[in-house]
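S.K.: Pulled the feature table from Swiss-Prot, pasting it below:
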{"type": "BINDING", "residues": "786-794, 936-943, 962-966, 1031-1034, A1105", "note": "GTP binding site"}
{"type": "COMPBIAS", "residues": "31-48", "note": "compositional bias 'Low complexity'"}
{"type": "COMPBIAS", "residues": "391-404", "note": "compositional bias 'Low complexity'"}
{"type": "COMPBIAS", "residues": "459-471", "note": "compositional bias 'Low complexity'"}
{"type": "COMPBIAS", "residues": "482-498", "note": "compositional bias 'Low complexity'"}
{"type": "COMPBIAS", "residues": "515-525", "note": "compositional bias 'Low complexity'"}
{"type": "COMPBIAS", "residues": "535-552", "note": "compositional bias 'Low complexity'"}
{"type": "DOMAIN", "residues": "778-1133", "note": "domain 'G-alpha'"}
{"type": "REGION", "residues": "1-195", "note": "region 'Disordered'"}
{"type": "REGION", "residues": "322-552", "note": "region 'Disordered'"}
{"type": "REGION", "residues": "611-648", "note": "region 'Disordered'"}
{"type": "REGION", "residues": "724-744", "note": "region 'Disordered'"}
{"type": "REGION", "residues": "781-794", "note": "region 'G1 motif'"}
{"type": "REGION", "residues": "807-828", "note": "region 'Disordered'"}
{"type": "REGION", "residues": "935-943", "note": "region 'G2 motif'"}
{"type": "REGION", "residues": "958-967", "note": "region 'G3 motif'"}
{"type": "REGION", "residues": "1027-1034", "note": "region 'G4 motif'"}
{"type": "REGION", "residues": "1103-1108", "note": "region 'G5 motif'"}
Amino acid sequence: MGMFNCLHGNNMSGQHDIPPEVGEQPEQEPLEAPGAAAPGAGAGPAEEMATEPDSEPSNNEPVPDETGSEISGPPEDSKSDIQSPCQAFEEVRVGGDYSPPPEEAMPFETQQPSLGDFWPTLEQPGPSGTPSGLQAFNPAILEPGTPTGASPGLGAYTPPPEEAMPFEFNEPAQGDHSQPPLQVPDLAPGGPEALVPRALPAEPGNIRFENAGFREDYSPPPEESVPFQVGGEEFGGDSPPPGLPRVIPQIGIGGEFPTVAVPSALCLAPAENAPPLWVRGAIDRPFREAVRSPPNFACDSPPMEITRPLLEIGRASIGVDDDTAVNMDSPPIASDGPPIEVSGAPDKSECAERPPVEREAAEMEGSPTTATAVEGKVPSPERGDGSSTQPEAMDAKPAPAAQAVSTGSDAGAPTDSAMLTDSQSDAGEDGTAPGTPSDLQSDPEELEEAPAVRADPDGGAAPVAPATPAESESEGSRDPAAEPASEAVPATTAESASGAAPVTQVEPAAAAVSATLAEPAARAAPITPKEPTTRAVPSARAHPAAGAVPGAPAMSASARAAAARAAYAGPLVWGARSLSATPAARASLPARAAAAARAASAARAVAAGRSASAAPSRAHLRPPSPEIQVADPPTPRPPPRPTAWPDKYERGRSCCRYEASSGICEIESSSDESEEGATGCFQWLLRRNRRPGLPRSHTVGSNPVRNFFTRAFGSCFGLSECTRSRSLSPGKAKDPMEERRKQMRKEAIEMREQKRADKKRSKLIDKQLEEEKMDYMCTHRLLLLGAGESGKSTIVKQMRILHVNGFNGEGGEEDPQAARSNSDGEKATKVQDIKNNLKEAIETIVAAMSNLVPPVELANPENQFRVDYILSVMNVPNFDFPPEFYEHAKALWEDEGVRACYERSNEYQLIDCAQYFLDKIDVIKQADYVPSDQDLLRCRVLTSGIFETKFQVDKVNFHMFDVGGQRDERRKWIQCFNDVTAIIFVVASSSYNMVIREDNQTNRLQEALNLFKSIWNNRWLRTISVILFLNKQDLLAEKVLAGKSKIEDYFPEFARYTTPEDATPEPGEDPRVTRAKYFIRDEFLRISTASGDGRHYCYPHFTCAVDTENIRRVFNDCRDIIQRMHLRQYELL
């Protein structure tokens, strides 16, 4: 019986302590056609077995190790008891300090776990039996080149390919069907060691996968694909370097294990220069390791018959073709072949599923295969689940690409449809559908462009390829008798198992040499984005027995050896047509050498044409051919895809170690490696030197040696382009939380700055308020109260004249220049007020002449028309004061009748300034009249509202508030009672014989007494002292001296009043006047003393508001009183 071998994520080469899982070999149905594995991302065998309810418990449950990863199987000692005595140098492991490059064939070790009683021992026909060492060897994964007499133990030494002893296979007659083809795991070189497990424990059968299709959203579980870390970070010291997977068993999808006997005999013949063993899919394939043959094999061993169970393919990761069957019916290998040439294995980053956005990138690396034909079934490219389709159904669909090939071959020229279609690399053989990734299969357009091509089962159909005229003639002239000989080396398909190379867009000149040998060394071209001006270069199929290209010169022995070495450097295709192969298909070694020479020369010509054309982008180019020799310089790699693969935390369980973009530029060796990363020793050493505790970005930036070599010699290894591409690649997406934190920090900083500015502004405001408060406390606020027309506004005018340098509008100005300018402007506006006073005075007198009892007559009756004129303009608004007005007013004022009416002014309401302005008619009527300060003081303007005047006396601030004295204006006074230092109550002493305007029955002096009493007794003003200004002393003296209006007539008490002894008359003042004024004073003092409580006082002063010197002297006397009141107000006195 046999075993089907595929890669397992937890059982890779180099991990010797993890044997294959128990219970992974269900019985399989009969095998009809082995082939490449179907690329898929479905659940692996271990995961399906874990979900099977009837399965027996396994003794290798996942055991988490120190790093948190799961390791399947019981731990075993990685060292073997059997060590090869011919070991040439010390075994190199992953955790070691040195790993030779892939050019040097690295030894690999094999492990021999016990098989138990499940697998039968190997049968070997012939006189000699199988040695005991091979009884425990798994026939399904038998290493080619393993000696029949002895099996190398764990840690055995395998020499490099230059010293390796060749071996050859002898095929018995085709009639003997007693042995299936031997399957050899596709391994790739490039690492320190390669582990090939030899047996599997028993596993319950009757397990069939329900879903064998493709799932794009699937990531294999850790049991199937667990990446490893360099330096034993994940599994200890025996973890392989990146890109070297472990070989694990794969479950078949059959119910039983019937044996299909296929004739196959293994004869290991010693030879000095045997050709290398070709392993299908060893180049440009992820999870591949090259299998090398140990030296000193015995050639006289009898044939060995090996049986194995049926092969049925479940699922495999896209781009991973690790279940290729091994054909024991390959042509014989001569004993004088060149040494083994081994290509490197690509990085592991291609394992698991590919994102849908990676279609073009995945096509660059080699078009993966679909499900292999199992039991005569071919996975249908039209179905997304990867289910199989019968070959008959495939035959019913003729492939247009295949027809184009036959037509092009007969005509000897390539057809446009064959050259421009994407199916040129998708044509399979043995009924195998073109391998496409799951994302490509889900695309109807791609499916239409890549139709399934099923060739004749015995014909070995070649991929769709335009052939050169020479080869077209060779193909067209080939006779049917020569066809069977070509079946031994089937045509390469577009799958990655045949070492697929990317389709390179080349110029027509390079396309002339596009036909290459279809040996396993020739690589089919996967699908790549088409460009309008370029044509794909698919791999063409050539007859291996043709010997040479027609017209090609003869080759010498050394050239043939070099060509054979280049040709055999590619993978060996075993068993692709094993059931249909015949002994006649074996080709001779010279034919192989010539074909290999053609392949190498064509590939180098393609590479030369590609570099010369410079039409395609280097980012989509791969090494031109897998036949790169050891002596060739390192091949520059295209830059890695920066955003193709998700990050570590986004790829599921299967990819937790390899990042999407590496922090260092990876340098390829001469091995043909994948896009994502090299698996050569140099790259392995670079990764190994990384410290596991630090991220890659930190390691790159902190390694000066690597940075120096990268900058100095980066161009030699393709580092400049890689670095440039990485620098141009889009950066990692910004973390929204980090952006939010930055925004919050920015807002916090702005808020702090705003708060700081607000605090500073608040401090300035507080300081200003403090200054204002201090000024407010140091300011003396004086409130002018009194009855109407008492002279309050005149007092304010005097303060402005005395302490504010004239009139400056309604308020004071500290700037003298501004005060003067404002004073001039205000004086100009006061002219109209003065004229209005003049008009009002003459009109009032003329009107009273007829209203008085007895009426007053004009002394000159000729002035009657003048009286009529004055009465006619009495109520005219906006009077413009024409010159005749002044003439009529002057003539009337000179009339004696008018003067007599003025003497009775106490009987009607006449303004106090009437006589003053009537005497100045000649001055006022002038056009350039400018009122004087006395004119402004005399001018009468009705005060309505509250007016504040600020002035300063000896650096002491005073605020004086003027209010209207009429009854309807007194309600506004309450607004000025707050924080008043003193109240200046102004009384018109001369108004004793006059009545108020509001009431013709109320005496003005009596009105003033009543108002003073109310203010003095007001509860809000009971703590505020009152300065009493007994105003209009000049008018009072005139009336008293005139004798026409006696005070005792209005105030009878005056008759009994005597002048007090402390009275101080003015110089030259009449005693009658002194007695009159002191009488009025005592009337107010009697009110204050009658209700006084000692908390406020009354300070009387005799004033004449129009006398500036009098007001200056009075105000200076009041300053001390005001300051004393201020100190008492704040309880400082």
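For all residues, glycine too, the Cβ spot is worked out from N, Cα and C.
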S.K.: Looking only at the recorded stretches 935-943, 958-967, 1027-1034, 1103-1108, which one has the largest tally of CB-CB distances under 8 Å to the region 'G1 motif' (781-794)?
M.R.: 958-967
S.K.: Which entry in the list of binding-site residues, S790, T794, T943, Q1033, has its Cβ near the fewest other Cβ atoms, using 10 Å as the limit?
M.R.: T943
S.K.: So, by DSSP, how many helix, strand and coil residues make up the region 'G1 motif' (781-794)?
M.R.: 3 helix, 6 strand, 5 coil
S.K.: By the DSSP assignment reduced to helix, strand and coil, which category contains C939 (GTP binding site)?
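M.R.: Going by the DSSP assignment, C939 (GTP binding site) belongs to neither helix nor strand, so it counts as coil.
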S.K.: DSSP-wise, what's the residue breakdown of the region 'G4 motif' (1027-1034) into helix, strand and coil?
M.R.: 2 helix, 5 strand, 1 coil
S.K.: Across the domain 'G-alpha' (778-1133), what does the mean pLDDT come to, as a whole number?
M.R.: 89
S.K.: Are there any residues at least 6 positions away along the chain from C939 (GTP binding site) with a Cβ closer than 8 Å to its Cβ? List them or say none.
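M.R.: Same-chain residues close to C939 (GTP binding site) (Cβ under 8 Å, separated by 6 or more) are K830, D833, I834, N837, C913, P931.
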S.K.: Look up G965 (GTP binding site) in the DSSP assignment and reduce it to helix, strand or coil.
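M.R.: The three-state answer is coil.
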S.K.: Using DSSP, tally how many residues of the region 'G5 motif' (1103-1108) sit in helix, strand and coil.
M.R.: 1 helix, 0 strand, 5 coil
S.K.: Including all protein chains shown, what's the count of other C-beta atoms within 10 A of the C-beta of G786 (GTP binding site)?
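M.R.: I count 25 other Cβ atoms within 10 Å of it.
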